[in-house]
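Now, the feature entries from Swiss-Prot:
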| type | residues | note |
| --- | --- | --- |
| ACT_SITE | 38 | active site |
| ACT_SITE | 74 | active site, nucleophile |
| BINDING | 58, 60, 118 | Mg(2+) binding site |
| DISULFID | 78-84 | disulfide bond |
| DISULFID | 80-223 | disulfide bond |
| CARBOHYD | 283 | N-linked glycosylation site |
| SIGNAL | 1-18 | signal peptide |
């Protein structure tokens with residue numbers, strides 16, 4: 001009898017702890033923060049940045065003349081203090097990323113929950129944007145989502161530098177639908193990264209037929225200074241109750257003082273070359289009760305309510 005009683009007590013203890021953890025998680029009113037490792041273009045860098053504290057990464061995607069995604073490559077110039085020349089073939093990178101974001105894989109990194117693809121569409125003509133979106137979708141479907149069969153679980157943000165390239169979004173969506181996987185759009189968000197006027201960005205989304213799943217970026221290379229005026233405009237839109245923005249991130253944030261300024265402004269994400277710096281600031285007494293590192297249970301398309 002005693003072993004059975006002991007077993008019951010152990011089970012009750014485990015269930016009680018789980019329930020308490022669940023209640024505490026739902027009661028946590030801190031803003032979740034996405035720490036975005038900047039310019040992660042080689043497979044080996046995925047582990048490097050996640051191990052430094054990143055829960056998301058940004059990867060550059062270059063295109064060939066026929067609008068095929070070709071390399072994960074930035075090139076010169078890039079941020080001060082970084083190597084600009086690391087690269088992989090795009091599909092090889094997707095396979096490595098899939099390994100890092102698929103539960104059960106030997107290379108799985110549970111903390112890696114979101115990927116921003118910085119789409120270098122500046123090499124394309126405006127009339128190639130739709131085709132670029134279609135080809136991007138086909139590559140992601142095959143090499144990252146594994147044709148819908150236990151592929152990578154990370155959320156994906158398609159970051160486009162040119163408002164005129166909004167047809168890329170429709171091409172991407174149409175291709176997934178044509179290939180029988182429209183449900184994967186639930187894992188896809190959007191960003192226009194050209195620091196355009198917020199109103200102009202909103203108009204581009206209207207043309208693209210997009211409402212929701214919107215991250216708004218603002219920033220500049222770490223070699224230069226940039227104020228937070230436009231960040232605050234984006235945050236005002238996000239918090240207005242009738243804006244089109246769900247989340248705001250700031251780049252490139254490498255210094256503690258800049259991190260504090262961005263958090264004080266109310267951003268949801270910071271893109272950085274030094275994730276450990278952001279982690280250190282989040283653990284400071286002034287911030288640890290207001291912010292926390294986002295987990296997979298945090299919806300990246302949901303506007304945070306205080």
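Here, residue 1 is simply the first one shown, and the rest follow in order.
Backbone N, Cα and C atoms are what each Cβ position is placed from, and that goes for glycine too.
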Sparsest-packed among the active-site residues, when each Cβ's other Cβ atoms within 10 Å are tallied, from 38, 74: 74
Of the recorded positions listed as 38, 60, 118, the one whose CA lies nearest the CA of residue 80 (disulfide bond): 38
Candidate with sparsest Cβ neighbourhood (10 Å radius) among 58, 118, the listed binding-site residues: 118
C-alpha spacing of residue 38 (active site) relative to residue 58 (Mg(2+) binding site), in angstrom: 5
10 Å Cα neighbourhood of residue 78 (disulfide bond): matching recorded positions from 60, 118, 223: 223
Spatial neighbours of residue 38 (active site), counting only the recorded positions 74, 84, 223, 283 and Cα distances within 10 Å: none
Cβ-Cβ distance under 8 Å to residue 84 (disulfide bond), same chain, at least six residues away: 39, 74, 75, 76, 77, 78
Cβ within 8 Å of the mean position of the Cβ atoms of 58, 60, 118: remaining residues of the chain near Mg(2+): 38, 39, 40, 41, 59, 61, 74, 116, 117, 159
Greatest C-beta neighbour count within 10 angstroms, which of the disulfide-bonded residues 78, 80, 223: 78
Recorded positions listed as 60, 283, least Cβ neighbours within 10 Å: 283
